[in-house]
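Here's a structure for you.
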Amino acid sequence: MHFTQVLISLSVLIACGPVGYGDITAHQQPSTATEESEQCSTCEFRQHSKLMRLHAIKSQILSKLRLKQAPNISRDVVKQLLPKAPPLQQLLDQYDVLGDDSKDGAVEEDDEHATTETIMTMATEPDPIVQVDRKPKCCFFSFSPKIQANRIVRAQLWVHLRPAEEATTVFLQISRLMPVKDGGRHRIRSLKIDVNAGVTSWQSIDVKQVLTVWLKQPETNRGIEINAYDAKGNDLAVTSTETGEDGLLPFMEVKISEGPKRIRRDSGLDCDENSSESRCCRYPLTVDFEDFGWDWIIAPKRYKANYCSGECDYMYLQKYPHTHLVNKASPRGTAGPCCTPTKMSPINMLYFNGKEQIIYGKIPSMVVDRCGCS
């Protein structure tokens, strides 16, 4: 049994209590002291349920992302590695526009692990076998085994151009690197770009065909060389960082197709922290990743996870006939029904993995949509 499953089992066992088969009438007019005692007990139990949920969420995220531990990436490293490029900004803008509450068109996933939608791979220095006097310094891209050639929707190479001294035409060249003994390089793309004086820009190049070959024949991936010459022969492509150029190195953005999904239906009892409801109910819970010290999660910085808490008394079991039958069949020694999530939905997350690659994917079963007795 996985650690995550143990945590969930513990929280379920703690949430379970004996089914109340006593005299229902006797509880209709309790004393004030009894009410206060029950409310105090309910608050303590609810707080315990919340803490258990937070603890389980941390373990679930690492498990679903197939991480043994949280990547050791500090805020300074995040600032250095984050590309200041349009595709990343578009993803971040989605969180600003949609917020944490957006549920329109939400779906539930069958898979227990995260599904990848977009991968952003940063350029690194290529293998010495393709270099002469340690040149070129750029660019090699390593790819996650999650990427399958037949699932690639789009693959774009993003290159940042330094400002030209005057309006000019820039010749952007992409060459595939090969061992020096085999010729060193082979040009695969060449573009002409008109630029204005003093203006920086990001340029994107379609590299789906190249990436497909690399994935099918990994031994051919030695990296690429990028040049962007203006009319005076100046290379404007940023392929090594200088002062003030953090986040401007080339990177590849790979869009992956998603798997099948189902439309989610919402229903169930909702409560807030001030509610006096004793029945099984869904309560709000905001998870703040900064409180966890998880700087490796780029977005969202927080999300609404929700949690379940409350009683599953005999009088409520008519809503859950299967649980009622189980308890009637074995009235002694049973823990009774538990208040647990009966419907959950995924969250989208932008994060660094252990290889310092930026991943945009979907993590299933992270938001409690409905609670019930089972």
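Cβ coordinates come from backbone N, Cα and C, glycine included.
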With C373 as one half of a disulfide in Swiss-Prot, pick the other half from C308, C312, C338.
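Checking Swiss-Prot, the candidate bonded to C373 through a disulfide is C312.
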Just confirming the record: what cysteine out of C308, C338, C339 does Swiss-Prot connect to C280 via a disulfide?
C339
So, in Swiss-Prot, which cysteine from C271, C308 is disulfide-paired with C281?
C271
Which of C139, C308 is the other half of the disulfide bond that Swiss-Prot records for C371?
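Recorded partner, per Swiss-Prot: C308.
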Work through the recorded positions one by one (N72, N274, C280, C339) and name whichever has its CA nearest to the CA of C373 (disulfide bond).
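Result: the closest of the recorded positions to C373 (disulfide bond) is C339.
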When DSSP states are folded down to helix, strand and coil, where does N274 (N-linked glycosylation site) land?
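DSSP call for N274 (N-linked glycosylation site): coil, neither helix nor strand.
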Count, for each of the disulfide-bonded residues C271, C308, C339, C371, C373, the other C-beta atoms lying within 10 angstroms of its own C-beta, and report the residue with the smallest count.
C271
